Structures are given as structure tokens and as C-alpha cells.
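> Input: one structure, supplied below.
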Amino acid sequence: MELRLCLRLHAPPASAPTTHPPPPLSPSPNLALRRLRTGGSCAVAPRRHARKWGSAVCAAKADGAQGEAVKERSVSVVLLSGGQGKRMGASMPKQYLPLLGLPIALHSLKTFCQLKEVKEVVVVCDPDYKDIFEGSIENVQIPIKFALPGKERQDSVYNGLQEIDGDSELVCVHDSARPLVSSEDVKKVLEDAIVHGAAVLGVPVKATIKEADSNSFVVKTLDRKTLWEMQTPQVMRPSLLRDGFELVKRDGLEVTDDVSIVEYLKHSVYITEGSYTNIKVTTPDDLLLAERLMNEK
């Protein structure tokens, strides 16, 4: 399973609260400290993360302050569903395999369609699989659009970005192979993206991570207290993503996730602490785990 890690650093406590609201793209000084991702490492940003080690979920706890409210019908979702899923060893891409009677990709589509903040969903998929999405969710109040997948992930995101409404305040990119993302976590990361311009769901790393040299000898053991595993959704202002794509294309860069595109602009990316249950279904074992987690809900 692809692992995206982020270093986080410690910073001095935040200053005393101010009576004036913060500007949209700057960390708010009147919130408790929260970790902020900046160019591959994390400074400190506002909202405290508290870990619940006794359960599968590592939830973010707010100290009475949250991100700004997200307007109704102001978010465009780009649902990436064009992968081949070769590691699953199935006859079809993994995102279309059944999970409790429903194709994996439709679980997250259903979650997004039920959120009042979402105005549309752009599904990036092979045209042969469009019929899986069309008419799949009852009483859908928002349009479902389609875009063609690209050779690489960043190409698929770019194609999806071209189809979103021009008035959208946020674009929310999600892997359809993550069927267990909760509406609560989606709302949290949307709120944080409104405040900071870009935000991503992530969870603190549990395993010990070692850095190795080219000969596979250990160089050092990294402090797991400073490491995060990235998830999706990854949310940002459309203008940031477009500007990032221009830079990526100009410099011939390759990126492994969506917020990396924004990082190339030297723009801070906020980490919203998510849930360990938001797994990516990549292997047969992942599918079994997803079934068990869904049955426990």
C-alpha cells in the first residue's frame, strides 16, 4: 500500500486570542496549536490533535474552535477511479469489486453525494465503467460528471480539474479505493481547507520507520512522533491547484499526491487528523479488512 509520510516540527505556543478573525489563507492565532505541513515538513498550525489509542480511530479534538463553515454547494469533488489495481489480481480494477453488495467506488460516492457542501462530483474513470456510476445513487441532488483518466495520477487529477464548476470554492480530490472515509472527516478537512487554502487528511504513523541507504543498511531510525501517513480527501482552492499544475508542467515534475502539487508553490498544507479506518483497498487482505470494518459500523 502506498505510504505518504510527513515530518512535523514543534513550535512555541500560540499567542493570546484576538478579537479579529484571521485571513482565509493564514494560520489563525486565536485557535489552539495544530500541526501544519510546509514543503514536506510540518510547522505548527491551529487545532489540537488528540489520539485515541484504545480504538481504531485517531480523531481530532477541537478546543472549542473549528475551521470556518463551508458554504452549501461550494465544493467540487474529483473522484479518482481510473486505476488498474494490478496488485489485487482480479479480473477488473479493484475499485469496482463488490464490497457488501456495492462496488467499492460507490461507497465514497454515496458519502459525498449526501453532503450539503458538495455541488458536484467529477468521476475520473474509463468510459467502459461509466454505467456503474450513472443512476447508481438514489435521489441524487447534484450532477455527476465524467473525465478521462490520464497516464499518471497527476494527469487524472488535471483532467478532473478541467470539468469542475468555475465558481467552486474548493476542489476535493479522493481515491475511490478508500470506501470508508467518513462524512465527519470530510467536513473537517473541508473546513480546514477554507481557512488555510489547502488541507489533507492524515494519521500519525504507528510503525517504526527507518531510513536506509542504497545498500539497504539502516542509516537512522526516524522519530515516529514526527511522521504522518497521508490519506484522501486532499482539498485545496482550485486556483492553487491550477497554479501548481502550471509549475509541475513547466519543470517536468512528477508528484505522488495532490497536495504535493501545491507544495511546489511553497504554500502551506494543513494536516487534518483523520481516522485509521480510512484505508485504501489495494490487496485482497485490504478488501477483507474493509468488509470487517463496515460490518462493525
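Glycine is no exception: its Cβ is also placed from the backbone N, Cα and C atoms.
According to Swiss-Prot, the protein has these features:
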type: TRANSIT; residues: 1-57; note: transit peptide
type: SITE; residues: R87; note: site 'Transition state stabilizer'
type: SITE; residues: K94; note: site 'Transition state stabilizer'
type: SITE; residues: R224; note: site 'Positions MEP for the nucleophilic attack'
type: SITE; residues: K280; note: site 'Positions MEP for the nucleophilic attack'
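Help me understand the surroundings of these features in the structure.
Note on K94 (site 'Transition state stabilizer'): other Cβ atoms within 10 Å of its Cβ, all shown chains, come to 24.
Taking all protein chains in view, 14 other C-beta atoms sit within 10 angstroms of the C-beta of R224 (site 'Positions MEP for the nucleophilic attack').
Secondary structure at K280 (site 'Positions MEP for the nucleophilic attack'), as computed by DSSP, is coil.
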> Which number gives the other C-beta atoms within 10 angstroms of the C-beta of K280 (site 'Positions MEP for the nucleophilic attack'), all protein chains shown included?
19
